[in-house]
Amino acid sequence: MIQHVVGNTWALYLDAAPFVMIGLLSAGLIKAWVPQQRLASWLGGDGLWPITKAAVMGAPLPLCSCAVIPVALGLHRAGASRGSTLSFLIATPETGVDSIFISYALLGPFMTVVRPVTAILSGIMTGLLGSLVSPGRHTAAPTPLAASSCSSDCGTQTARQEGAPASACSASTCNDETCMADASQSRNGWARTGAGIRYAVTNLLDDFSVWLLIGLTLAGITMTLVPPSALSTYGSGLPAMLVILLVSLAFYVCATESTPIATAMLLAGISPGAVLVFLLAGQATNLGSLGPLRKEFGWRFVFVYLAGISVSAIGFGLLTNYVVVALHIDIVAQLHATQELLPEWIKLLGAGALTMLALRPLRRHLPGLGHPNPPEHARN
């Protein structure tokens, strides 16, 4: 039993690590190159338009439910509202450019269209729900105080006000590597990029690495007790959707890697709507993502996050079954038996890199990472 749990947890870690590294890299680039004022103007409001932009912006990104966390945290700390952050958190891992191509190959044209459309709509719906139920306070747009703490006030004590925009540097550590692009627009491009990545692999990674490990361990235990292959035994209809929903919420499965599983489920006789529930809920969240979100936003946000995913997945699943029956669509006839997963050496490389960065004693030996930035907490 213990060996199976360890084996499943290790397999999950191998699957997650490369995508977490992609997420950290994306968060670092966003931090370095996207001005906070512009980002706040894009995603800072709680209305329909910024929430829609967050979903549309996140949908093409090849980020899974683990990789999207550092990006979402970075966006929120840079000025994105909670509603926009929710929308981005859900729409991004549920689909992506890579998963769209493999969906066409393995699931056929109908599911290829349904998958990204429902992902964007579920993100928008949950974002709007979050704006109503858990509006909270989001990180404000950059202010002169935040900029001065990275420039003219270096070497002095500058108090950070609650709710002030998060910055990758503080009064005691301001230098060319830690001050972000919004504080020094004339910096060299390579320096800006390096500073953003340094912020991501230190501050952001430190904020969620322990919770990610705990969550993946719990997911490994869940997979040991309820293996993914058992999903095909639950049949179709609303009861099947509810069972698949509960199991999918705990699993870590990326959008691309879930596609062959969805193909097997369709071939086993699971309804397209139930498969869509798996594709939406299984990719949007997992146990490993809940801890970092609770730490950053609180339990109310996590509840809205899970409720939005669950309701939208079930709703779109029922609608998909209705459309398939009404239009007499033969889903099985559209399937193809191919599979595309990451090579093992890439998984091992990603796991090694993530472990090296997550363990501070090892990270200190890496060039430029020996003295990490002080923890950044833009709590709400």
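Here the Cβ of each residue, glycine as well, is placed from N, Cα and C on the backbone.
Worth saying up front: this structure is predicted, and the values here are computed from it rather than measured.
Among the ranges 208-226, 341-359, the stretch that TrEMBL annotates as transmembrane segment is 208-226. Scored on C-beta pairs under 8 angstroms, the neighbour of the transmembrane segment (54-75) with the top count among 12-34, 87-107, 261-281, 302-325 is 87-107. Segment contact holds for the transmembrane segment (302-325) and the transmembrane segment (87-107), given three or more CB pairs below 8 angstroms at sequence separation of 6 or more.
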